């Protein structure tokens with residue numbers, strides 16, 4: 001068995017198995033995230049939400065998926081066919097391949113690479129291409145405007161996100177995600193770096209084009225923005241991509257600030273619970289906040305969005321970064 | 001690491017950052033105060049340069065010796081004079097933004113990095129810092145189509161030159177395994193024969209630097225950019241950056257590639273001959289005085305390169321003196337150009353100088369002095385500049401260079417004298433009154449040009465020390 | 001063996017996409033091929049063991065620079081026929097220059113010669129297996145190369161100043177700007193109230209501007225008044 005696993009085919013088989021073990025639950029989670037969102041929002045608005053298909057409406061996501069699959073894919077005649085299809089595919093693929101480096105538990109990552117954080121940042125910075133390509137290939141003004149908005153927005157928020165990540169890296173001394181989690185053994189970074197935690201979370205909202213920063217879709221002004229020409233499966237891919245991205249960003253937040261798979265305290269009742277459960281719980285907490293924010297806040301105006309990103313988050317995170325560096329240097333806590 | 005050695009650069013950089021904050025934060029217009037502040041920072045940096053100890057810093061990337069001190073003082077003087085010349089013009093043209101002095105400051109910082117470069121990467125970065133600032137100030141009058149065109153043209157051709165430089169530098173690194181000049185010199189002397197790849201790399205680097213000093217055949221951008229850019233910007237272009245680029249050219253040729261003198265000599269002789277001839281002939285038909293000065297500057301670079309091309313200590317000394325004299329004479333001549341303004345409108349035609357001999361005798365006299373000095377008439381400063389490089393060429397046996405130099409000087413005297421003729425013998429209306437800052441610059445550079453013959457000793461001694469430091 | 005195979009695959013795609021950048025008819029396709037080329041370059045970095053550079057290449061060039069490229073190219077209105085015209089006119093000169101450069105390159109690399117101690121002078125990418133190359137780069141950049149690093153920073157600063165100087169236009173002085181702090185702090189802008197269920201605005205003491213006089217419905221025998229004037233669907 002060991003010999004087989006060491007052979008090239010064995011390595012391939014193992015990787016495929018690991019990938020499936022991660023992706024299948026992930027896709028199911030994506031399906032139920034849509035359900036959860038509708039239920040939670042309904043509860044907040046004193047409605048019932050989906051409750052017809054299956055017990056408590058639990059089969060609703062599958063009914064939706066089936067509907068999407070069975071509808072006709074329409075490609076507008078003026079569209080650039082290849083790119084029109086490429087856009088949604090890219091969105092979902094990018095949301096999924098990022099999971100390759102996420103450690104679900106100590107040592108449970110498909111690829112535990114040295115530069116895990118940079119990999120995540122790189123993949124999340126590519127997400128904008130799906131949207132821009134879709135918006136341009138649709139050959140429609142609404143779609144193009146949505147794409148332009150989203151490109152500017154994602155590039156802007158990546159900058160402060162990068163600075164937040166650098167702050168965390170200063171406290172860890174490694175770019176490896178498992179190392180980042182292990183460094184939070186004593187205290188989660190959400191506590192000493194609380195302002196950065198908040199900035200990071202808000203930036204993830206902007207990165208995923210979620211409300212209140214969903215100007216790329218902005219149905220009241222741009223109909224549905226970059227997805228206005230999409231239908232059936234191509235539309236479903238965007239949908240899946242957005243929710244998979246939400247889960248990814250929540251996982252990133254948990255790893256960087258909420259101690260990943262670590263229990264809140266290393267004492268009796270908490271450390272009986274296995275690590276992956278803690279990790280999932282933290283992701284769920286973040287996802288709930290995503291939905292909560294959506295149900296609570298009105299959409300930002302575009303200039304307000306840019307102002308927040310460039311004039312508030314960027315300078316603030318820069319100052320906090322320098323401050324963190326100073327404190328670490330002066331107290332001698334700087335990891336070597 | 002040796003931070004104290006780079007004190008002049010450090011002070012200049014910090015002053016630049018402080019000036020940036022002072023320009024951006026207050027709501028009111030602070031451009032005059034920032035002009036003054038930047039001027040002060042340049043003077044302070046010059047004082048620090050004079051007090052700078054010798055040595056290398058940062059793992060040999062930075063070098064300070066008599067040569068760098070000489071060149072840095074020239075560069076800072078050129079930049080400070082350029083700033084003085086520009087101040088009044090900018091106010092009159094509605095360009096008085098605080099970014100102008102800042103860009104001048106950062107470009108002089110780039111020039112200081114270039115002069116002190118002892119490493120290919122430092123060379124490249126200094127050159128880029130300089131060039132990037134120059135591209136922007138060439139297009140500084142952004143509402144003028146000509147200015148924007150000048151900036152864009154300079155940018156595109158300049159990027160091409162940077163590309164050539166990087167290409168050459170990578171070939172040199174590939175050969176030597178190091179970017180440090182001392183290591184490259186070791187590698188060159190340890191190798192038998194002359195590797196072809198190294199020569200190609202060296203030629204690429206020389207070509208890029210020749211572009212910066214606008215030597216033939218890399219001069220095409222010069223007339224257009226000089227004509228399109230605002231006049232004080234042209235004055236700056238023609239002075240300090242050329243000194244810095246010549247300094248870099250000298251260091252690269254004499255330092256790491258000192259042993260390959262036969263290889264680069266041919267290139268430089270051709271560039272020198274071409275520049276002298278083109279500068280003399282192409283300027284004759286010009287009606288626009290900025291274009292005339294552009295061709296004149298190409299010609300002067302030809303004379304200066306003659307000093308380097310002969311490949312002797314004497315030649316390099318002549319080159320250094322030539323650049324010093326050229327810098328002051330040129331800034332003076334451009335100060336007259338900047339003052340050419342009638343009813344508030346800036347003028348650029350040679351004919352617009354008509355009648356200056358009667359309407360503003362002082363300025364006409366100054367312009368006469370500068371023109372005669374550039375033509376090389378004794379006893380003005382320009383004569384001595386030419387004398388030293390011609391002497392070096394004759395001593396080295398480079399008769400072709402010397403003869404062509406003398407002939408082209410005679411030809412170029414024609415168009416310099418034409419300017420004087422227009423000023424004194426043609427009739428024309430009076431120009432607007434010249435501002436005080438220009439009068440100061442005119443007086444200072446004019447006195448230098450006239451009385452250089454009386455006290456050349458300190459300059460000669462400084463140049464001699466610089467050459468000794470460079471050649472070792 | 002696998003590494004060598006991967007190298008050739010990525011290098012081939014890199015060159016092919018670089019060719020496509022130049023030859024694509026559609027400029028947007030050109031930019032997308034450029035992005036593909038960046039990716040393959042990053043993959044080559046990975047094969048060379050420089051994972052930090054690979055990721056930074058993707059983050060900076062693909063994630064930010066190329067997005068802005070794409071942004072601009074998508075908005076440009078390019079006349080292809082005119083571009084072709086120029087291409088045909090200058091193609092022979094370009095081909096001659098390219099040919100000369102290529103021949104030169106052949107000469108250079110055909111007779112390449114290293115300095116005797118070049119190999120020892122050249123720095124290793126990583127000092128040893130126990131130091132990641134992120135750390136190794138950091139240790140070099142912030143010690144030996146700090147001078148160059150800072151100068152590079154100044155170059156970027158100048159680029160930024162230049163971009164602002166050349167493009168930023170101040171709004172006219174009389175234009176109204178938003179001052180969020182002042183607007184939010186207006187006392188009368190927001191009023192907190194805790195209304196009981198089914199209470200109307202009148203009962204809460206909130207004065208409302210009187211509604212415009214509703215046009216009297218013609219007495220045609222149906223007395224449905226609609227004061228809201230629509231709004232519900």
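The backbone N, Cα and C atoms fix where each Cβ goes, and this holds for glycine too.
What TrEMBL records for this protein:
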- B:117-411: domain 'NADH:quinone oxidoreductase/Mrp antiporter transmembrane' (DOMAIN)
- B:32-51: transmembrane segment (TRANSMEM)
- B:71-91: transmembrane segment (TRANSMEM)
- B:98-115: transmembrane segment (TRANSMEM)
- B:121-140: transmembrane segment (TRANSMEM)
- B:152-176: transmembrane segment (TRANSMEM)
- B:196-221: transmembrane segment (TRANSMEM)
- B:233-254: transmembrane segment (TRANSMEM)
- B:266-285: transmembrane segment (TRANSMEM)
- B:292-312: transmembrane segment (TRANSMEM)
- B:318-340: transmembrane segment (TRANSMEM)
- B:361-381: transmembrane segment (TRANSMEM)
- B:438-471: transmembrane segment (TRANSMEM)
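Counted over residue pairs 6 or more apart, the CB atoms of the transmembrane segment (B:71-91) and the transmembrane segment (B:233-254) come under 8 Å in at least three pairs, which marks the two as touching.
Recorded stretches compared: B:152-176, B:196-221, B:318-340, B:438-471; the one with the most Cβ pairs under 8 Å to the transmembrane segment (B:233-254) is B:318-340. Counting residues 6+ beyond its ends, the transmembrane segment (B:266-285) has Cβ neighbours under 8 Å at 203, 206, 210, 215-217, 219, 223, 253, 291-292, 295-303, 305-306, 308-309, 398, 400-401, 404-405, 408-409, 411-412, 414-415 in the same chain. Cβ atoms under 8 Å from those of the transmembrane segment (B:32-51) belong to residues 7-9, 11-12, 15-16, 18-19, 22-23, 69, 72-73, 76-77, 79-80, 83-84, 87, 96, 98, 100-102, 104-105, 108, 112 of the same chain, restricted to positions at least 6 beyond its ends.
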